[in-house]
């Protein structure tokens, strides 16, 4: 297979916390702690995990909305952490983001038309007339109508606002779209509409997605490959079929079994994890999951597991598979 | 069959805004039996939360007001009860937990102070027993280090722990009915599993009836015995959880179930219910679901169907013609 | 908490130093020779030279500053030009008078302001709410000297209920112990005198309390409105708690931080900025003391007065900062 579109290696984001009389760094929050993955053109990589696992921070670092502490991000072979400003502008056009809260991410005083037009102006695409035509085309593409361009965000429902957010992201014909919890604020009946739309658009424009979400069913539906994050690290990453049908990492197993299934006859044996996710400022020694892991061994509290490739090509970070 | 503890009869709750009366809940009926778990499911704006606030007498008023129907608690109509009567019922007979555990606890009072408040209000236990009762409650909801927790403040606890505290507060006076409004929506899946497990356990052990209000069909399927499906301020379907999920008779219920992505198998394309939830009061005539319905018939546009059936009720002409 | 207090205390050092530099600079900011300004244009060169020497004005500036600083730290505030008294011993009685007046004014402002704000928020959009907020608006916009004159005219001249001027009757002398007359008269067992002191306090205290009352009422209202909408208030209602306790116990403690900020700021302002009220009511406080000094161009007194007033202002803010933690456990003292 050809070069991946995006290659992330050993990405880290540490936040120092200052304390004491002289404000020295007393502890470090490891929001993202050495994440590596690749995304191929035209595929969807899902990233799942619970709140605070670092999935959103990872997405934002790829957009360089947050500067990484360490690591490299290669987009089309270029290390985007070490390129000139003008080259970065091009990358900014190729990588777009869709946010969770469609209302908060749309300026309430701008018309929908100018919201969608804005990225085109920023990147100097087309003249006024061409941009207006493109806005109308985009609105129809995402299932709205051309006349909606003159309205304001508050006149739309949650699902429609998310469609506007998608149209804005598509305006500059990006290659990669990072979708951070794009459907979690939506009702079930609207959620499925937006998911279908995202899939249709992907086929039409050969888009690549990084789909960040906490809802495992949604991620399975939309992703080709899935990475599971826990406390700033990816614990398991593989194609979605085998990850969901045969999870390897104990955390993935617990996470999957915790999802309530909308079928009263399927009361699966739930693995109920005890306690809460530890603070990323004080992750447990060894494997970060060992204090909640139902199958923890002695070694787990001493040594950090490393990512290993299984025979079927999946990557798992767990001492069970040493 | 066990006895009915709470019955909602033709409840109508409206909000009076500058644009006139907006019906949020429009003549709903359901009942809760002693010790059962009833699920009320629906999307945002269907009136499920307004229903629970109407029962508790906690509607923001103005603009909210109960304009019709009855709420019978042990046969007593509490829909227009005096504030002093409602204060005696709240927290003591009918307790409630809310969606946002992060903001539902008072940040400047200790867990202990907040936990013992309802007991002090309703039971007048002596101070010594109060503390041991509080400890007992925290243990009951599965919180470790109960004694120290009593002296801690909410911000020192995680979201899951706070929701456990909320449950402990709600259970502190052994209520007959517990209304849980989206109790796990703000929580992570693994924590959600813990909380649902806890609620099911408390229901078995204390025999408190639970009204579980949620948008998550998965949660309903796993926890509830009976289900009420609401759409645009009306009950559209009601029945045993198995009947509802295996043989949904209202097209809305069917559409909801089919539009959830499956965890166990991948579908090419998701089923979708077209359009979006209508604004309350915007549809004046016919079935409220008609504009979004795949099975819509001519009469659906003009006539509003009634909720009919015995144990499995549905508000749809399709169902009524089969019957 | 202790580490925070120490840190906060250490931060006071540069603030206080800066303050002394500014106050020190005042006397040098006056155009021309200070000695000339002090002695007047008809002074002989000899007298100017002598004064320069006695004030140390012939020394380099930084030496003068360090001498000044050393004097302050050892409690020497200099002598008054006007009557050659030691400022350090003169200033306390005046300060005590101001503290007593400000304290009473703040008690009125806090009690009336907070309650008015609470009831306005609780009964939002009621007649009480509208009335209270209109009065508060008038209160913040009313010039104090005007209000003071109105009070004197109404309650002293027309009704003859209360004295209009001074801390005491002209014929009575309170034996000073602390110089806080409310305390001194009680310590002496002079209850008639105590009542006389109270009567003298009422009018100036009300005038002084007007603006803080209005500001506190408005802040309390907006802060309470916010809190009353919050989820934990709904939780308290769901427990069956009485609305009175929800408002006065659960909501007020949450709403208190911004109110406390305003109380702190206003207290600081009252202690230093009561010049207008004190002159109108002939109140022998620090404001009047400085005011008189200005009229006589008594620069050492002005300098010391400003120093003491700013010192108090800084300390009141420091105490306010420490008090935050009492009301909100989430405030971490790092």
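Any Cβ shown, glycine's included, is placed from N, Cα and C.
In TrEMBL, the transmembrane segment annotation falls on C:194-217 of the listed ranges C:170-193, C:194-217. If you count C-beta pairs under 8 angstroms between the transmembrane segment (C:130-149) and each of C:9-30, C:95-118, C:194-217, C:301-327, the highest count goes to C:194-217. With a cut-off of 8 Å on Cβ pairs spaced 6 or more residues apart, the transmembrane segment (C:9-30) and the transmembrane segment (C:255-281) reach fewer than 3 such pairs and are scored as not touching. Long-range contacts of the transmembrane segment (C:255-281) within the same chain: residues 98-99, 101-102, 105-106, 109-110, 114, 117, 144-145, 148-149, 152, 164-166, 203-204, 207-208, 211-212, 215-216, 219-220, 223-224, 226-227, 287-288, 290-291, 309-310, 312-313, 316-317, 319-320, 323-324, 327-328, each at least 6 residues beyond the stretch ends and with a Cβ under 8 Å from a Cβ of the stretch.
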